[in-house]
Amino acid sequence: MSTRATRPGMLHQKENAADAQAGKRQRTAAGSAARAPLSANAAPPAPDPAIEFAGRDDVDALLNEKMKGKNKMDYKGKSEQMMEYIKKLRACIKWLLEREDTNLAEIGKLNGLLEAAEKHHSEIVAQLKSAIEESKAINEELQRQYASLEENLKRVEAEKLDALRSYGDEKEARIAVEASRNEHLEDLRRIKLEEKRLNDQIKMLQDTNKRLQEYNTSLQQYNSNLQADATKNGETIAKLQKEKNTMVETMNGLKDHANSVKMQLDLAKSSQNEALKQKTDLLKEVDNLRGELQQVRDDRDHKLAEIHSLLADVSTYKEMTGKSVAELDNAMTRSTALEETCSSQAERIKTLELQLASANEKLKRSDLTTMETMTEYEKQKRMLEDLQLRLEEAEQQILDGENLRKRLHNTILELKGNIRVFCRVRPLLPNESGAVAYPKSGENLGRGIELTHNAQMYSFTFDKVFEQSASQEDVFIEISQLIQSALDGYKVCIFAYGQTGSGKTYTMMGNPELHDQKGLIPRSLEQIFQTSQALISQGWKYKMQASMLEIYNEAIRDLLATNRTTVQDGGASKYSIKHDANGNTHVSDLTIVDVSSINEVSSLLKRAAQSRSVGRTQMNEESSRSHCVFTLRIFGVNEGTDQQVQGVLNLIDLAGSERLNKSGATGDRLKETQAINKSLSCLSDVIFSIAKKEEHVPFRNSKLTYLLQPCLGGDSKTLMFVNLSPEVSSTGESICSLRFAARVNSCEIGIPRRQTQVRSLAQG
């Protein structure tokens, strides 16, 4: 049980044995340099035995520790702290070396056990084959002996006939036959025992083989469990997506209701404003009426005073002058008219007061309705905020689940060593009709694509499928982690494949002048420079070198050469491709430029774009007539840990495959088309050989495949974009591209290795 339980770990240790041995050599070199005397007269002080490290957190805490003094001039305090910090660093290095020695010893022990087990298994298989061959030989010998016995029996019968004629001869023959029979019976018994022993041995070997098969099955089950976990996470993501959709629908309903309530509130506010306006008008009118009433009252009082004055005058007149009754009646008439005017004014005042009370009542009802509407609006607003919060949580869960699925998927792909494949479909032009569809749900959502050709449906599944509506930003987000790997010390290769006019150059380069239309190459370089600047605070310093070439008619051209004549004419013969022992690719005499900012790289890309070969065909106004390869070499060193990394980023825009009957190529365009199709055919042959795991892979059949050899047959992280045209007339070519992409997706090229080492003191 313990042997089987440790075998997966042993296999894992075996896969990383090469890395462990390389790391051991690097550690030995670094360790010997680190243990070299720092001066001719003094050895470094021994690490403090009281300093202990429990794990990586303690090491990180030590590396993040900052020197603090009482003030800027406290050099003695800082020096003491620095000496204590150096002691801790020495203790940390010693602990790391001891831990690495322990790990290496354990790895060596496990490798020894694994080799012994494999050797024992080989011996058992050889013994089994030998036993089977021996058993066959024994069976043949037994058959020959049986035939011999039959012949002897016939001979004995003949001798018996002869014995009838001679008793003496019969007796001797009988004795001889009995003796021979006993010998043969003994031989037969021995043969049966030997056969039983061999059968037992065969059974034991079969049991051993069965246990090995069970162990292999357990490894396959382990891989299946990883895939099942990935599937389960996918189902969880789909469930969360469904819940998100439900919440979005609910939120949309609430938004509609909130909008309705808001409209009602706006109407209520409008009514309230109208009522307030009416109230203001009524108040103004009441004030006017009150002023008029006061004026009427004043007039009435004035008239009454006049009446009293007239009455007094009448009395006076009667008494003093004895005026006529007619004059008195006239004065009385005037007095009555004034009294009627006062009465009508009083009635109007009462009417205005009633109108004022009614307006106040309407205003109160309007205020109450407004308060109720505001309360309902606040309630709906809180509910909407709650749903919005729940929606954000669900979206975060979906995002976390998607990130987990991506990590698991990437882990599985790295364990399998497969080339990743992304599919991107360009938008339809106004005069085109589409033949592409996508799964709307299920595990293939976002990963599947369906094409209809001649009334038949073709379905394909890749690591990611981008629909026509996907932006350049959406595409780059999916590969940003892969770009980060180049800074971490990995070799990364991304190339675009597809028929002419399918959007490869737009995907890789885009329009660098417009932010929304920038392609993968400028966006990748922006991320690398931004991240490298951010890592300066952690002690990292990076040096970067850029180069760019094209393969035109099976000839290499340097796109960064300062002399454009060299680019366009026959200077390509001096460029040769070489691969070193570490899997790094070099092109002789190629222009390599040191770059330190995105602006420098942008100017290089502009210069290269002006030199690249493009031409007009019936299928594309600006068709790329060559394969373009941009390479960025990254050299990083951490001043604090002396760790060095070396990464390579290859971004490749392949020329598009095209059919002569559609492109209408003639003359130079015909020659270019033939060269492009030939190199892409060689690439297809290489992929086919890798997929079939053939011993010989024809990398040297073309410049393109030989240049891509480390990416397709080495330890690189490789991603292919297959670009498609969605129009109906291109479905045949699109299906060919998708079949090629599916074959690429199934290729296992090995687990990517990180290029890192520890810098020696001499280098420092």
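Note: Cβ is positioned from N, Cα and C throughout, glycine not excepted.
Segment annotation: Swiss-Prot labels region 'Disordered' over residues 1-50 (candidates 1-50, 401-450, 651-700). Within its own chain, SER502 (ATP binding site) has ARG426, GLY656, ASN723, LEU724, SER725, SER730, SER737 as residues 6 or more apart in sequence whose C-beta sits under 8 angstroms from its own. The local packing around THR505 (ATP binding site), expressed as other Cβ atoms within 10 Å of its Cβ over all shown chains, amounts to 25. Between the listed binding-site residues, namely GLY498, GLY501, GLY503, the fewest other CB atoms within 10 angstroms of a CB are found at GLY503. Taking the Cβ of THR500 (ATP binding site) as centre and 10 Å as the limit, one finds 25 other Cβ atoms among all the protein chains shown. Under DSSP, LYS504 (ATP binding site) is assigned to a helix (H, G or I) in the three-state scheme. Mean pLDDT, taken over the domain 'Kinesin motor' (418-747), works out to 85 on the 0 to 100 scale. Comparing local CB density within 10 A for the binding-site residues GLN499, LYS504, the maximum falls on LYS504.
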